[in-house]
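Asks: First the structure, then my questions, so here it is.
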Amino acid sequence: MQGTPAGGTSPGPSPMDRQTLLVFSLILAAALGQMNFTGDQVLRVLAKDEKQLSLLRDLEGLKPQKVDFWRGPARPSLPVDMRVPFSELKYIKAYLESHGLAYSIMIKDIQVLLDEEREAMAKSRRLERSTSSFSYSSYHTLEEISSWIDNFVTEHSDIVSKIQIGNSFENRSILVLKFSTGGSRHPAIWIDTGIHSREWITHATGIWTANKIVSDYGKDRVLTDILKAMDIFIELVTNPDGFAFTHSMNRLWRKNKSIRPGIFCIGVDLNRNWKSGFGGNGSNSNPCSETYHGPSPQSEPEVAAIVNFITAHGNFKALISIHSYSQMLMYPYGRSLEPVSNQRELYDLAKDAVEALYKVHGIEYFFGSISTTLYVASGITVDWAYDSGIKYAFSFELRDTGRYGFLLPATQIIPTAQETWMALRTIMEHTLNHPY
């Protein structure tokens, strides 16, 4: 059930209904071993100035942690979204009100959305089993995606192959799909999805994109020209341990699952673990933080695997890392406000890409450098790519702008993937036509 964006009220369950729902949710979570988020809300705060932003940043340092920022405090012009556990709602709302921080309720009860999501997945799974098919309009588990990859590669072995580039902390295979028409060391394009495990729309978009490539090769002139001259690599599940955990225990888990002696909290933010700007602004040295950068650059096997693979290949010309949510297309730098040397070219290309995206379903995206469009973030994928000589480095933030956040309904998978494809196609075509 959604809270009204303007901060008003909407009809809710009666006390008896709510008690019944709570009991049902707790039983369901216990049976499935999954965390329960009944009563948790997502609040949106729009800070007026830097002072109010500072007050919001103070919430991240509370011990024990009381909020989970979905969109962190960045600048006064950008909303801050945070999940607040039911047990902390009274405290957090009082804190906001006492400091004059106006808020609205974006999601009134997270568990309601989670139950709807789980029910939709179960329904889709039953249909897939009865028809022996794979639904591109549904969310899937790691095991289902792995099975799909094997079948997909077998069915399209003339153009697709599977490469294992490493193993995760929990020893899961890190797999990449390679799309190629033959030859060795072609110029290449890298696409990764799901580096933050709770961003399920990114995995689903990647899967749809992979199928789109094989479906349109030989029919779409632009794509055909790209694949005749270049290879495309897609890593669908960049954070396999975290992704598996979002299905088995905590749907809202962001980091990987690495464990270190003497540290109570688990996991590293894989998008803060890269060498470029490691440990700088927009990352955190606190292992309990959602943006914990890890003990050292590329300490995480999931990051090291990509670095080693791309470096050994030596001929990648574009890298696109796909995240959610906020509807943005961005380029380096994230670590500072310093413009990159080809800033104008990247700006114009991003503009063309979001215009192509808009034409599909009328969805508007912001675009620009990461540090000026979203926030300063150090140790991130695209900064590393650019500093490693990959000229066309971009990061997407897919749908939506906060109504559902990381819990985007499966009904939006296909539209999201369709529009994202047109932006990807634009970037890849430009990369093809501007060799370096």
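Here the Cβ of each residue, glycine as well, is placed from N, Cα and C on the backbone.
The active site, proton donor/acceptor annotation in Swiss-Prot covers GLU397 and is backed by sequence analysis. Residues annotated as Zn(2+) binding site in Swiss-Prot, with sequence analysis given as evidence: HIS196, GLU199, HIS323. Residues or ranges marked as substrate binding site in Swiss-Prot: HIS196, SER197, ARG198, GLU199, ARG254, ASN271, ARG272, SER324, TYR325, TYR375. Swiss-Prot lists CYS265-CYS288 with the feature disulfide bond. Residues annotated as domain 'Peptidase M14' in Swiss-Prot: 138-431. Among the features that Swiss-Prot reports, signal peptide is placed at 1-33.
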Asks: Which residues in the same chain, at least 6 apart in sequence, have a Cβ under 8 Å from the Cβ of ARG198 (substrate binding site)?
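Replies: Result: GLY242, THR246, ARG251, LEU252, TRP253, ARG254, PHE406.
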Asks: Which residues, in sequence order, are found in the same chain with Cβ within 8 Å of the centroid defined by the Cβ atoms of HIS196, GLU199, HIS323 at the Zn(2+) site, excluding those residues themselves?
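Replies: The surrounding set, listed in chain order, is GLY194, ILE195, SER197, ARG198, THR202, ARG254, ASN271, ILE322, SER324, GLU397, PHE406.
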Asks: Would you say which of the binding-site residues ARG254, ARG272, HIS323 has the most Cβ atoms within 10 Å of its own Cβ?
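Replies: Comparing the binding-site residues ARG254, ARG272, HIS323, the most crowded Cβ belongs to ARG272.
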Asks: Name the secondary structure element type, per DSSP in three states, that contains GLU397 (active site, proton donor/acceptor).
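Replies: Note: GLU397 (active site, proton donor/acceptor) is in a strand by DSSP.
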Asks: If you draw a 10 Å sphere around the Cβ of CYS265 (disulfide bond), how many other Cβ atoms fall inside it, taking every protein chain shown into account?
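Replies: A 10 Å sphere around the Cβ of CYS265 (disulfide bond) contains 14 other Cβ atoms.
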Asks: Here's one to test understanding: among the recorded positions HIS196, GLU199, HIS323, TYR325, GLU397, whose C-alpha is closest in space to the C-alpha of CYS288 (disulfide bond)?
Replies: HIS196
Asks: Cα-Cα separation of GLU199 (Zn(2+) binding site) and ARG272 (substrate binding site), in Å?
Replies: 16
Asks: Check the Cα distances from HIS323 (Zn(2+) binding site) to each of the recorded positions CYS265, ARG272, GLU397 and keep only the ones within 10 Å.
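Replies: Qualifying among CYS265, ARG272, GLU397: GLU397.
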Asks: Would you mind listing, in sequence order, the residues at least six apart from TYR325 (substrate binding site) in the same chain with a Cβ closer than 8 Å to its Cβ?
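Replies: For TYR325 (substrate binding site), the qualifying residues are TRP70, GLU199, ILE201, GLU397, LEU398, ARG399, ASP400, THR401, GLY402, TYR404, GLY405, PHE406, LEU408.
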Asks: Do you know offhand how many angstrom separate CYS265 (disulfide bond) and HIS196 (Zn(2+) binding site) by C-alpha?
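Replies: Cα-Cα, rounded: 17 Å.
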